[in-house]
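Now, the feature entries from TrEMBL:
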{"type": "DOMAIN", "residues": "22-142", "note": "domain 'MTTase N-terminal'"}
{"type": "BINDING", "residues": "Cys31, Cys67, Cys105", "note": "[4Fe-4S] cluster 1 binding site"}
{"type": "DOMAIN", "residues": "169-403", "note": "domain 'Radical SAM core'"}
{"type": "BINDING", "residues": "Cys183, Cys187, Cys190", "note": "[4Fe-4S] cluster 2 binding site"}
{"type": "DOMAIN", "residues": "404-466", "note": "domain 'TRAM'"}
Amino acid sequence: MTTDFSIKPHSANASDVRPNTRGLHMITWGCQMNVYDSARMTDVLRPLGYAPVDDPAQADMIILNTCHIRDRAAEKVFSELGRLRHIKEERSTEGRQTVLAVAGCVAQAEGEQILKRAPYVDIVLGPQTYHRLPEMVARAARAGGSVIDTDFPAEQKFDFLPDSEAPQTAGNVTAFLTVQEGCDKFCSFCVVPYTRGAEASRPVASVLAEARRMVASGVRELTLLGQNVNAYHGEGPDGGAWSLARLAYALAEIPGLERIRYMTSHPRDMGDDLIMAHRDLPALMPFLHLPVQAGSDKILKAMNRGHTADEYRRLVERLRQVRPDLALSSDFIVGHPGETDEDFEATMQLIRDVGFALAYSFKYSIRPGTPAAGAPLQVAEAVKDERLQALQALLREQQDSFNDAVVDVVAPVLFTGRGRKPGQMVGRSPWLQPVHVDGPDDLVGRTVPVLITERRSNSLVGTLVEECMPA
Ligand code: 5AD
Ligand code: SF4
(Lines of atoms letter the chains of each structure in order from A; the text may use other names.)
(Lines give C-alpha, C1' and ligand atoms only; values in the text may rest on other atoms or scores of the structure.)
(Ligands and ions follow the chains in the order given, each with its own letter.)
Protein backbone atom coordinates (compact mmCIF):
# COMPACT_ATOMS: atom_id res chain seq x y z
CA MET A 1 0.00 0.00 0.00
CA THR A 2 1.02 3.55 -0.41
CA THR A 3 1.13 6.87 1.28
CA ASP A 4 -1.50 9.14 -0.11
CA PHE A 5 -4.62 7.83 1.50
CA SER A 6 -6.59 11.00 1.34
CA ILE A 7 -9.99 9.92 0.22
CA LYS A 8 -10.54 13.17 -1.59
CA PRO A 9 -10.50 12.88 -5.33
CA HIS A 10 -7.92 14.58 -7.45
CA SER A 11 -8.62 15.23 -11.09
CA ALA A 12 -5.98 14.65 -13.73
CA ASN A 13 -4.15 17.69 -15.01
CA ALA A 14 -5.39 18.24 -18.45
CA SER A 15 -4.67 20.25 -21.48
CA ASP A 16 -7.37 21.52 -23.82
CA VAL A 17 -8.88 19.06 -26.20
CA ARG A 18 -7.85 19.32 -29.79
CA PRO A 19 -10.49 19.08 -32.51
CA ASN A 20 -11.28 15.47 -33.46
CA THR A 21 -10.27 14.21 -30.06
CA ARG A 22 -12.67 13.01 -27.42
CA GLY A 23 -12.56 14.39 -23.91
CA LEU A 24 -11.54 12.09 -21.06
CA HIS A 25 -12.11 13.20 -17.49
CA MET A 26 -10.42 11.06 -14.87
CA ILE A 27 -11.17 11.29 -11.15
CA THR A 28 -8.73 9.43 -8.94
CA TRP A 29 -9.14 8.48 -5.30
CA GLY A 30 -6.74 6.80 -2.95
CA CYS A 31 -3.22 5.55 -3.28
CA GLN A 32 -0.36 6.25 -5.67
CA MET A 33 -1.07 2.92 -7.31
CA ASN A 34 -4.38 4.37 -8.44
CA VAL A 35 -2.70 7.56 -9.64
CA TYR A 36 -0.40 5.40 -11.73
CA ASP A 37 -3.28 3.27 -13.00
CA SER A 38 -5.19 6.39 -14.05
CA ALA A 39 -2.21 7.48 -16.11
CA ARG A 40 -2.05 4.05 -17.72
CA MET A 41 -5.77 4.06 -18.53
CA THR A 42 -5.24 7.44 -20.17
CA ASP A 43 -2.45 5.84 -22.22
CA VAL A 44 -4.64 2.91 -23.22
CA LEU A 45 -7.38 5.24 -24.41
CA ARG A 46 -5.15 7.67 -26.27
CA PRO A 47 -5.08 5.59 -29.49
CA LEU A 48 -8.89 5.75 -29.47
CA GLY A 49 -8.67 9.53 -29.65
CA TYR A 50 -9.26 10.32 -25.98
CA ALA A 51 -7.37 13.23 -24.46
CA PRO A 52 -7.65 14.53 -20.88
CA VAL A 53 -10.03 17.40 -20.06
CA ASP A 54 -10.45 19.19 -16.73
CA ASP A 55 -14.15 19.84 -17.03
CA PRO A 56 -16.42 16.78 -16.76
CA ALA A 57 -19.08 18.61 -18.79
CA GLN A 58 -16.63 18.57 -21.72
CA ALA A 59 -15.90 14.87 -21.34
CA ASP A 60 -17.05 12.14 -23.68
CA MET A 61 -15.81 9.65 -21.15
CA ILE A 62 -15.57 9.98 -17.38
CA ILE A 63 -13.65 7.43 -15.33
CA LEU A 64 -13.90 7.27 -11.56
CA ASN A 65 -10.86 5.38 -10.29
CA THR A 66 -11.87 4.32 -6.80
CA CYS A 67 -10.29 3.22 -3.52
CA HIS A 68 -11.82 0.73 -1.13
CA ILE A 69 -9.27 0.62 1.62
CA ARG A 70 -11.36 2.08 4.36
CA ASP A 71 -14.79 3.14 5.44
CA ARG A 72 -17.59 4.61 3.39
CA ALA A 73 -15.68 4.32 0.13
CA ALA A 74 -18.69 2.96 -1.73
CA GLU A 75 -20.96 5.73 -0.40
CA LYS A 76 -18.57 8.39 -1.67
CA VAL A 77 -18.55 6.74 -5.08
CA PHE A 78 -22.34 6.68 -5.23
CA SER A 79 -22.63 10.32 -4.27
CA GLU A 80 -20.07 11.31 -6.93
CA LEU A 81 -21.95 9.17 -9.45
CA GLY A 82 -25.12 11.06 -8.62
CA ARG A 83 -23.38 14.32 -9.55
CA LEU A 84 -21.99 12.87 -12.78
CA ARG A 85 -25.38 11.49 -13.74
CA HIS A 86 -26.69 15.05 -14.04
CA ILE A 87 -23.82 15.97 -16.32
CA LYS A 88 -24.43 12.89 -18.43
CA GLU A 89 -28.15 13.70 -18.73
CA GLU A 90 -27.48 17.33 -19.55
CA ARG A 91 -25.06 16.38 -22.29
CA SER A 92 -27.50 13.82 -23.62
CA THR A 93 -30.17 16.53 -24.10
CA GLU A 94 -27.57 18.31 -26.25
CA GLY A 95 -27.13 15.10 -28.26
CA ARG A 96 -23.74 14.28 -26.79
CA GLN A 97 -22.95 10.84 -25.39
CA THR A 98 -20.96 10.34 -22.18
CA VAL A 99 -19.43 6.99 -21.29
CA LEU A 100 -19.33 6.67 -17.52
CA ALA A 101 -16.90 4.12 -16.07
CA VAL A 102 -16.12 3.04 -12.52
CA ALA A 103 -12.68 1.51 -12.09
CA GLY A 104 -10.49 0.49 -9.19
CA CYS A 105 -11.08 -1.37 -5.99
CA VAL A 106 -14.69 -0.33 -5.29
CA ALA A 107 -15.52 -1.53 -8.79
CA GLN A 108 -13.85 -4.83 -8.01
CA ALA A 109 -15.63 -5.26 -4.70
CA GLU A 110 -19.07 -3.91 -5.56
CA GLY A 111 -19.37 -4.47 -9.30
CA GLU A 112 -22.91 -5.83 -9.49
CA GLN A 113 -24.09 -3.48 -6.77
CA ILE A 114 -22.91 -0.47 -8.79
CA LEU A 115 -24.86 -1.45 -11.86
CA LYS A 116 -27.92 -2.12 -9.72
CA ARG A 117 -27.83 1.17 -7.84
CA ALA A 118 -26.48 3.28 -10.69
CA PRO A 119 -27.73 1.71 -13.91
CA TYR A 120 -26.57 4.75 -15.88
CA VAL A 121 -22.97 3.58 -15.38
CA ASP A 122 -21.69 2.10 -18.65
CA ILE A 123 -18.55 0.28 -17.60
CA VAL A 124 -17.36 -1.30 -14.36
CA LEU A 125 -13.84 -2.60 -14.40
CA GLY A 126 -11.54 -4.03 -11.76
CA PRO A 127 -7.87 -3.12 -11.44
CA GLN A 128 -6.77 -6.24 -13.28
CA THR A 129 -8.56 -5.49 -16.52
CA TYR A 130 -7.46 -2.01 -17.59
CA HIS A 131 -5.81 -3.32 -20.72
CA ARG A 132 -9.25 -4.43 -21.91
CA LEU A 133 -10.64 -0.92 -21.61
CA PRO A 134 -10.65 -0.10 -25.35
CA GLU A 135 -12.58 -3.28 -26.05
CA MET A 136 -15.03 -2.44 -23.26
CA VAL A 137 -15.54 1.07 -24.61
CA ALA A 138 -16.31 -0.40 -28.01
CA ARG A 139 -18.64 -2.99 -26.51
CA ALA A 140 -20.46 -0.38 -24.40
CA ALA A 141 -20.94 1.82 -27.46
CA ARG A 142 -22.21 -1.12 -29.52
CA ALA A 143 -24.46 -2.63 -26.91
CA GLY A 144 -25.71 0.65 -25.51
CA GLY A 145 -25.89 -1.25 -22.25
CA SER A 146 -23.48 -1.69 -19.37
CA VAL A 147 -20.33 -3.76 -19.37
CA ILE A 148 -18.81 -5.28 -16.29
CA ASP A 149 -15.34 -6.78 -16.12
CA THR A 150 -13.92 -7.51 -12.72
CA ASP A 151 -12.21 -10.84 -13.44
CA PHE A 152 -8.77 -11.72 -12.32
CA PRO A 153 -7.66 -12.81 -15.78
CA ALA A 154 -4.95 -15.41 -16.15
CA GLU A 155 -3.00 -13.10 -18.43
CA GLN A 156 -0.93 -10.43 -16.77
CA LYS A 157 -2.23 -6.95 -17.26
CA PHE A 158 1.41 -5.80 -17.20
CA ASP A 159 2.01 -7.70 -20.42
CA PHE A 160 -0.85 -6.00 -22.21
CA LEU A 161 -0.57 -2.39 -21.22
CA PRO A 162 1.22 -0.21 -23.73
CA ASP A 163 4.45 1.35 -22.56
CA SER A 164 3.79 4.73 -21.10
CA GLU A 165 4.72 7.38 -23.58
CA ALA A 166 7.34 9.93 -22.81
CA PRO A 167 4.84 12.86 -22.79
CA GLN A 168 3.17 11.41 -19.71
CA THR A 169 6.25 12.03 -17.63
CA ALA A 170 7.72 14.83 -19.70
CA GLY A 171 8.73 17.65 -17.46
CA ASN A 172 8.38 15.57 -14.32
CA VAL A 173 11.41 15.25 -12.12
CA THR A 174 9.87 12.53 -9.96
CA ALA A 175 7.73 9.64 -11.13
CA PHE A 176 6.08 6.45 -9.97
CA LEU A 177 6.62 3.10 -11.63
CA THR A 178 4.47 0.11 -10.71
CA VAL A 179 6.58 -3.03 -10.53
CA GLN A 180 4.37 -5.31 -8.47
CA GLU A 181 0.69 -5.66 -7.68
CA GLY A 182 -1.56 -7.62 -5.44
CA CYS A 183 -1.05 -9.33 -2.15
CA ASP A 184 -1.14 -12.85 -0.74
CA LYS A 185 -0.64 -11.84 2.88
CA PHE A 186 -4.29 -11.76 3.96
CA CYS A 187 -3.99 -9.46 6.95
CA SER A 188 -7.15 -9.92 8.99
CA PHE A 189 -8.48 -6.38 8.34
CA CYS A 190 -7.56 -5.81 4.71
CA VAL A 191 -9.49 -6.03 1.43
CA VAL A 192 -6.50 -5.78 -0.88
CA PRO A 193 -5.99 -9.54 -1.41
CA TYR A 194 -9.63 -9.72 -2.50
CA THR A 195 -9.72 -6.60 -4.66
CA ARG A 196 -6.23 -6.56 -6.16
CA GLY A 197 -5.74 -10.31 -6.35
CA ALA A 198 -2.63 -12.42 -5.98
CA GLU A 199 0.88 -11.05 -6.05
CA ALA A 200 2.28 -10.49 -9.50
CA SER A 201 5.54 -8.87 -10.58
CA ARG A 202 6.36 -7.15 -13.79
CA PRO A 203 9.30 -8.57 -15.78
CA VAL A 204 12.66 -6.90 -15.16
CA ALA A 205 13.24 -5.95 -18.81
CA SER A 206 9.96 -4.06 -18.98
CA VAL A 207 10.67 -2.20 -15.73
CA LEU A 208 14.16 -1.23 -16.86
CA ALA A 209 12.92 -0.10 -20.27
CA GLU A 210 10.24 2.11 -18.72
CA ALA A 211 12.71 3.50 -16.20
CA ARG A 212 15.15 4.39 -18.99
CA ARG A 213 12.41 6.14 -20.94
CA MET A 214 11.38 8.09 -17.87
CA VAL A 215 14.95 9.17 -17.17
CA ALA A 216 15.39 10.19 -20.80
CA SER A 217 12.36 12.45 -20.42
CA GLY A 218 13.87 14.16 -17.36
CA VAL A 219 12.89 12.01 -14.37
CA ARG A 220 15.59 12.02 -11.69
CA GLU A 221 13.76 10.23 -8.88
CA LEU A 222 11.77 7.03 -9.30
CA THR A 223 9.46 5.47 -6.74
CA LEU A 224 8.84 1.80 -7.40
CA LEU A 225 5.28 0.95 -6.45
CA GLY A 226 3.61 -2.22 -5.29
CA GLN A 227 1.17 -3.28 -2.61
CA ASN A 228 3.95 -5.56 -1.44
CA VAL A 229 6.78 -4.06 -3.38
CA ASN A 230 9.54 -5.86 -1.53
CA ALA A 231 7.94 -9.21 -2.40
CA TYR A 232 8.93 -8.34 -5.99
CA HIS A 233 10.06 -11.40 -7.93
CA GLY A 234 10.00 -10.34 -11.57
CA GLU A 235 11.34 -12.54 -14.30
CA GLY A 236 14.89 -11.49 -15.13
CA PRO A 237 16.56 -11.55 -18.54
CA ASP A 238 18.34 -14.71 -17.37
CA GLY A 239 14.98 -16.45 -16.84
CA GLY A 240 15.35 -16.49 -13.05
CA ALA A 241 13.29 -14.43 -10.59
CA TRP A 242 14.93 -11.16 -9.54
CA SER A 243 14.41 -9.72 -6.08
CA LEU A 244 13.67 -6.04 -5.49
CA ALA A 245 17.28 -5.60 -4.31
CA ARG A 246 18.62 -6.99 -7.58
CA LEU A 247 16.27 -4.72 -9.51
CA ALA A 248 17.46 -1.73 -7.47
CA TYR A 249 21.13 -2.48 -8.28
CA ALA A 250 20.25 -2.60 -11.98
CA LEU A 251 18.23 0.64 -11.83
CA ALA A 252 21.07 2.38 -10.01
CA GLU A 253 23.22 1.79 -13.12
CA ILE A 254 20.98 4.00 -15.28
CA PRO A 255 22.89 7.23 -15.88
CA GLY A 256 20.89 10.24 -14.74
CA LEU A 257 18.72 8.34 -12.29
CA GLU A 258 19.76 9.91 -9.02
CA ARG A 259 17.24 8.65 -6.54
CA ILE A 260 15.32 5.42 -6.04
CA ARG A 261 12.53 4.80 -3.54
CA TYR A 262 10.05 1.98 -3.14
CA MET A 263 6.77 1.46 -1.34
CA THR A 264 4.96 -0.22 0.31
CA SER A 265 7.04 -2.86 2.01
CA HIS A 266 6.08 -5.66 4.37
CA PRO A 267 8.46 -6.40 7.27
CA ARG A 268 8.33 -10.10 6.38
CA ASP A 269 9.78 -9.47 2.93
CA MET A 270 12.66 -7.26 4.04
CA GLY A 271 15.36 -9.68 2.84
CA ASP A 272 19.07 -9.49 3.67
CA ASP A 273 19.90 -8.47 0.12
CA LEU A 274 17.52 -5.51 0.31
CA ILE A 275 19.03 -4.41 3.62
CA MET A 276 22.48 -4.62 2.02
CA ALA A 277 21.28 -2.61 -0.96
CA HIS A 278 20.62 0.23 1.48
CA ARG A 279 24.29 -0.01 2.48
CA ASP A 280 25.63 -0.25 -1.08
CA LEU A 281 23.48 2.08 -3.14
CA PRO A 282 23.69 5.80 -2.44
CA ALA A 283 20.76 6.25 -4.86
CA LEU A 284 18.49 4.25 -2.57
CA MET A 285 17.03 7.03 -0.45
CA PRO A 286 17.27 6.80 3.34
CA PHE A 287 13.52 6.82 3.88
CA LEU A 288 11.49 3.65 4.15
CA HIS A 289 7.74 3.16 4.48
CA LEU A 290 7.53 -0.04 6.52
CA PRO A 291 4.07 -0.42 8.07
CA VAL A 292 3.89 -2.25 11.38
CA GLN A 293 0.18 -1.59 12.17
CA ALA A 294 0.44 -2.45 15.89
CA GLY A 295 2.95 -3.12 18.66
CA SER A 296 1.28 -5.89 20.63
CA ASP A 297 2.28 -9.44 19.75
CA LYS A 298 -1.24 -10.65 20.44
CA ILE A 299 -2.75 -8.13 18.01
CA LEU A 300 -0.01 -8.66 15.41
CA LYS A 301 -0.91 -12.35 15.54
CA ALA A 302 -4.63 -11.63 15.28
CA MET A 303 -3.84 -9.39 12.31
CA ASN A 304 -1.95 -12.27 10.68
CA ARG A 305 1.07 -10.04 10.17
CA GLY A 306 3.53 -12.90 10.59
CA HIS A 307 6.05 -11.16 12.85
CA THR A 308 6.38 -9.96 16.44
CA ALA A 309 7.03 -6.43 17.70
CA ASP A 310 10.59 -7.36 18.67
CA GLU A 311 11.25 -8.79 15.22
CA TYR A 312 10.23 -5.42 13.81
CA ARG A 313 12.51 -3.61 16.30
CA ARG A 314 15.44 -5.85 15.28
CA LEU A 315 14.76 -5.30 11.60
CA VAL A 316 14.86 -1.54 12.08
CA GLU A 317 18.09 -1.87 14.05
CA ARG A 318 19.72 -3.85 11.24
CA LEU A 319 18.62 -1.30 8.67
CA ARG A 320 19.98 1.55 10.73
CA GLN A 321 23.26 -0.28 11.24
CA VAL A 322 23.88 -0.29 7.50
CA ARG A 323 22.28 3.12 6.81
CA PRO A 324 22.46 5.24 9.98
CA ASP A 325 20.48 8.14 8.51
CA LEU A 326 17.53 5.93 7.53
CA ALA A 327 14.17 7.41 8.53
CA LEU A 328 11.06 5.31 8.83
CA SER A 329 7.40 5.82 8.21
CA SER A 330 4.59 3.46 9.05
CA ASP A 331 0.85 2.79 9.06
CA PHE A 332 -0.99 2.10 12.31
CA ILE A 333 -4.44 0.77 13.08
CA VAL A 334 -6.02 1.37 16.47
CA GLY A 335 -8.98 -0.64 17.73
CA HIS A 336 -8.47 -3.88 15.86
CA PRO A 337 -10.89 -6.45 17.37
CA GLY A 338 -9.53 -7.70 20.69
CA GLU A 339 -7.23 -4.69 21.31
CA THR A 340 -7.10 -3.91 25.05
CA ASP A 341 -5.61 -0.86 26.78
CA GLU A 342 -2.52 -2.94 27.39
CA ASP A 343 -2.22 -3.88 23.72
CA PHE A 344 -2.59 -0.25 22.75
CA GLU A 345 0.12 0.73 25.22
CA ALA A 346 2.41 -1.82 23.52
CA THR A 347 1.86 0.04 20.24
CA MET A 348 2.72 3.35 21.94
CA GLN A 349 5.88 1.74 23.36
CA LEU A 350 6.92 0.46 19.94
CA ILE A 351 6.51 3.97 18.54
CA ARG A 352 8.65 5.40 21.36
CA ASP A 353 11.31 2.74 20.77
CA VAL A 354 11.54 3.05 16.99
CA GLY A 355 10.84 6.75 16.36
CA PHE A 356 9.00 7.55 13.12
CA ALA A 357 9.60 10.45 10.76
CA LEU A 358 6.08 10.16 9.37
CA ALA A 359 3.06 7.95 9.93
CA TYR A 360 -0.47 7.31 8.78
CA SER A 361 -2.87 6.12 11.44
CA PHE A 362 -6.41 4.86 11.21
CA LYS A 363 -9.24 3.64 13.34
CA TYR A 364 -10.00 0.04 12.53
CA SER A 365 -13.01 -0.10 10.24
CA ILE A 366 -14.90 -3.24 9.32
CA ARG A 367 -14.38 -4.41 5.76
CA PRO A 368 -17.08 -6.98 4.98
CA GLY A 369 -15.69 -10.32 3.92
CA THR A 370 -12.40 -9.96 5.79
CA PRO A 371 -11.66 -12.25 8.77
CA ALA A 372 -11.58 -9.43 11.35
CA ALA A 373 -15.06 -8.26 10.32
CA GLY A 374 -16.70 -11.21 12.06
CA ALA A 375 -14.29 -11.33 15.01
CA PRO A 376 -15.68 -11.02 18.53
CA LEU A 377 -14.57 -8.17 20.84
CA GLN A 378 -15.02 -5.29 18.40
CA VAL A 379 -13.71 -2.13 20.07
CA ALA A 380 -16.14 0.69 20.87
CA GLU A 381 -15.95 3.73 18.61
CA ALA A 382 -15.30 6.11 21.53
CA VAL A 383 -12.33 3.99 22.66
CA LYS A 384 -10.93 4.00 19.13
CA ASP A 385 -11.27 7.79 19.01
CA GLU A 386 -9.39 8.20 22.26
CA ARG A 387 -6.59 5.86 21.23
CA LEU A 388 -6.24 7.45 17.81
CA GLN A 389 -5.88 10.88 19.40
CA ALA A 390 -3.17 9.71 21.80
CA LEU A 391 -1.32 7.86 19.05
CA GLN A 392 -1.46 10.78 16.64
CA ALA A 393 -0.23 13.20 19.29
CA LEU A 394 2.82 11.02 19.88
CA LEU A 395 3.48 10.56 16.16
CA ARG A 396 3.09 14.30 15.55
CA GLU A 397 5.68 14.99 18.24
CA GLN A 398 8.05 12.54 16.59
CA GLN A 399 7.46 14.01 13.14
CA ASP A 400 8.14 17.53 14.41
CA SER A 401 11.30 16.54 16.20
CA PHE A 402 12.49 14.63 13.13
CA ASN A 403 11.97 17.75 11.01
CA ASP A 404 13.55 19.96 13.68
CA ALA A 405 16.66 17.79 13.53
CA VAL A 406 17.42 18.88 9.96
CA VAL A 407 17.30 22.60 10.78
CA ASP A 408 20.85 24.04 10.45
CA VAL A 409 21.84 21.01 8.38
CA VAL A 410 22.90 21.20 4.73
CA ALA A 411 20.84 18.65 2.78
CA PRO A 412 20.86 17.71 -0.91
CA VAL A 413 17.53 18.86 -2.32
CA LEU A 414 16.18 17.64 -5.65
CA PHE A 415 14.14 20.50 -7.12
CA THR A 416 10.83 19.54 -8.67
CA GLY A 417 9.11 22.81 -9.56
CA ARG A 418 8.03 26.31 -8.65
CA GLY A 419 6.58 27.09 -5.25
CA ARG A 420 3.39 29.06 -4.72
CA LYS A 421 5.07 32.39 -4.13
CA PRO A 422 6.87 34.16 -6.99
CA GLY A 423 10.58 33.38 -7.03
CA GLN A 424 10.09 30.40 -4.78
CA MET A 425 11.18 26.91 -5.76
CA VAL A 426 10.25 23.60 -4.19
CA GLY A 427 12.13 20.34 -3.94
CA ARG A 428 12.47 17.35 -1.67
CA SER A 429 15.08 16.21 0.75
CA PRO A 430 16.39 12.62 0.84
CA TRP A 431 13.86 12.08 3.66
CA LEU A 432 10.91 13.09 1.49
CA GLN A 433 10.46 16.45 3.21
CA PRO A 434 9.23 19.28 0.94
CA VAL A 435 11.80 22.11 0.97
CA HIS A 436 11.14 25.68 -0.18
CA VAL A 437 13.87 28.10 -1.19
CA ASP A 438 14.12 31.36 -3.09
CA GLY A 439 15.92 30.55 -6.31
CA PRO A 440 15.93 30.52 -10.11
CA ASP A 441 13.67 28.35 -12.31
CA ASP A 442 16.59 26.40 -13.69
CA LEU A 443 16.96 24.60 -10.36
CA VAL A 444 14.27 22.17 -11.56
CA GLY A 445 15.73 18.72 -12.12
CA ARG A 446 18.93 19.52 -10.20
CA THR A 447 20.06 18.28 -6.81
CA VAL A 448 21.59 21.16 -4.92
CA PRO A 449 22.87 21.61 -1.35
CA VAL A 450 20.45 23.61 0.76
CA LEU A 451 20.93 24.96 4.26
CA ILE A 452 17.69 24.22 6.12
CA THR A 453 16.74 27.27 8.16
CA GLU A 454 13.21 26.69 9.36
CA ARG A 455 10.65 23.99 10.01
CA ARG A 456 7.02 24.58 9.11
CA SER A 457 4.25 22.15 10.06
CA ASN A 458 4.74 19.85 7.07
CA SER A 459 7.63 21.34 5.17
CA LEU A 460 11.03 23.00 5.50
CA VAL A 461 12.45 26.32 4.40
CA GLY A 462 16.07 26.74 3.35
CA THR A 463 18.60 28.79 1.44
CA LEU A 464 20.83 27.74 -1.43
CA VAL A 465 24.25 27.12 0.00
CA GLU A 466 26.10 28.99 -2.79
CA GLU A 467 24.16 32.13 -1.87
CA CYS A 468 25.27 31.86 1.73
CA MET A 469 28.91 31.84 0.78
CA PRO A 470 30.75 35.15 0.78
CA ALA A 471 31.40 36.28 -2.80
N1 5AD B 1 -9.34 -0.39 8.88
C2 5AD B 1 -8.45 0.60 9.15
N3 5AD B 1 -7.31 0.78 8.48
C4 5AD B 1 -7.05 -0.06 7.46
N5 5AD B 1 -6.02 -0.13 6.62
C6 5AD B 1 -6.24 -1.14 5.77
N7 5AD B 1 -7.40 -1.74 6.04
C8 5AD B 1 -7.93 -1.09 7.09
C9 5AD B 1 -9.12 -1.25 7.86
N10 5AD B 1 -9.99 -2.22 7.62
C11 5AD B 1 -4.85 0.74 6.72
C12 5AD B 1 -3.58 -0.08 7.05
C13 5AD B 1 -2.84 -0.07 5.75
C14 5AD B 1 -3.27 1.29 5.20
C15 5AD B 1 -3.05 1.49 3.77
O16 5AD B 1 -4.64 1.38 5.48
O17 5AD B 1 -2.85 0.60 8.04
O18 5AD B 1 -1.44 -0.21 5.88
FE1 SF4 C 1 -3.36 -5.59 3.03
FE2 SF4 C 1 -1.70 -6.88 4.65
FE3 SF4 C 1 -1.48 -7.20 2.00
FE4 SF4 C 1 -0.78 -4.84 3.13
S5 SF4 C 1 0.19 -6.85 3.49
S6 SF4 C 1 -2.02 -5.15 1.28
S7 SF4 C 1 -2.26 -4.69 4.80
S8 SF4 C 1 -3.20 -7.84 3.28
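These residue numbers are counts, starting from 1, taken along the chain as shown.
Using N, Cα and C of the backbone, Cβ positions are placed for all residues, glycine too.
Not measured: the values here are computed from a predicted model.
Structure coloured by features recorded in TrEMBL.
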residue	record	Cβ within 10 Å
Cys31	[4Fe-4S] cluster 1 binding site	24
Cys67	[4Fe-4S] cluster 1 binding site	23
Cys105	[4Fe-4S] cluster 1 binding site	25
Cys183	[4Fe-4S] cluster 2 binding site	24
Cys187	[4Fe-4S] cluster 2 binding site	23
Cys190	[4Fe-4S] cluster 2 binding site	22
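Screening the binding-site residues Cys31, Cys67, Cys105, Cys187 for a C-beta under 6 A from any atom of ligand 2 leaves Cys187. Broken down with DSSP, the domain 'TRAM' (404-466) shows 7 helix, 33 strand, 23 coil. Checking the binding-site residues Cys31, Cys105, Cys183, Cys187, Cys190 for a CB within less than 6 Å of any atom of ligand 1 leaves Cys190, listed in sequence order. A Cβ within 8 Å of the Cβ centre of Cys183, Cys187, Cys190, the residues given for [4Fe-4S] cluster 2, is found for these other residues of the same chain: Lys185, Phe186, Phe189, Val191, Val192, Pro193, Gln227. Model confidence over the domain 'MTTase N-terminal' (22-142) is summarised by a mean pLDDT of 85. Annotated pair Cys187 ([4Fe-4S] cluster 2 binding site) and Cys105 ([4Fe-4S] cluster 1 binding site), C-alpha to C-alpha distance, rounded: 17 Å.
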